[in-house]
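Have a look at the structure below, then the notes.
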Amino acid sequence: MVSAAGLSGDGKMRGVLLVLLGLLYSSTSCGVQKASVFYGPDPKEGLVSSMEFPWVVSLQDSQYTHLAFGCILSEFWVLSIASAIQNRKDIVVIVGISNMDPSKIAHTEYPVNTIIIHEDFDNNSMSNNIALLKTDTAMHFGNLVQSICFLGRMLHTPPVLQNCWVSGWNPTSATGNHMTMSVLRKIFVKDLDMCPLYKLQKTECGSHTKEETKTACLGDPGSPMMCQLQQFDLWVLRGVLNFGGETCPGLFLYTKVEDYSKWITSKAERAGPPLSSLHHWEKLISFSHHGPNATMTQKTYSDSELGHVGSYLQGQRRTITHSRLGNSSRDSLDVREKDVKESGRSPEASVQPLYYDYYGGEVGEGRIFAGQNRLYQPEEIILVSFVLVFFCSSI
């Protein structure tokens, strides 16, 4: 017979283990892909598989015109850029966009009922170009739809990120002025040590490289910069593209998400539901004390390359063709880019943070990052095994 004290002790231990398992489960509620994905050179030229990057969404208007990409933070919240959705009322979130062919996959849409533009967003300088969108109903998560992790608070020692990517749709012309919403593609990015662009505060920059322009020039407004957390294989949101990336070679800027972590969490908490419940993964991670995210690489740019950026900032017209949901017919839809005027902000606002370059190949190239299902992690196997042994021994 087991004593009451023994039962009490076993009950407490079982409770502690259940709490640990609860934290473990909640920590996998973001940044997890449901299948192992091969990263590196492959014959498919960077095609995104159906279960890869399930947090990337398309923001569209009531006529199903693509406005910008976005990134899922939770069942209700999507992060994107302010410049593409300002002064708009009717926006829908299209999920599972790895393949936009309606004959192959049905796409679910979620109407947006709340749009939060950063209060200090400047349409001239494009500073604070970030926005939150809340869906009317909770997005249903599955193999094709998941949330990505992001830092909900600033850390003294930043996490070590690796294997960074951006994604987008292929341009259908050599100039990149036209784009067909079809199969999503991806491009690897890496750090640079210098950038010729004028950068506002809380932005970073990167570029395409000449050698790989035969594939595609990706990176449209709102497209997330996605990186893996070293040793954990969790995907973390690094930034959202601001503008650029349409010409090859060419430069692009993106908004650094971690600098807006307080703004994101506070706005979501005020409007509800909050995002704090999704950040247990931060507590379980022992961050590395090594330097920046990745190896720094020098790169210089010619006047002709910088000219591509200038032409972009003067404004472009882009025609987007895609399949309307539930309809096999294709509509040709125009999206006119807004002209970017001269900045009214003081030059003192600029800083020199890190930057990224498309098509790098040092980290993650030619490797298989197994364990997108985090139950393959050694510490989790030990924990689960311990729980099973404990329960079996108490039967």
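Just so it is clear, glycine is given a Cβ too, placed from its N, Cα and C backbone atoms.
On a predicted model such as this, the values are computed, not experimentally measured, just so you know.
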Could you check Swiss-Prot and say which of ASN293, ASN327 is marked as N-linked glycosylation site?
ASN327
According to Swiss-Prot, which residue among CYS71, CYS149, CYS164, CYS392 is joined to CYS227 by a disulfide bond?
CYS164
Disulfide-bonded residues compared (CYS164, CYS227) - the one with the fewest other Cβ atoms within 10 Å:
CYS164
Looking only at Cβ atoms, how many others are within 10 Å of the one on ASN123 (N-linked glycosylation site)?
15
For ASN123 (N-linked glycosylation site), what is the secondary structure state per DSSP, taken as helix, strand or coil?
coil
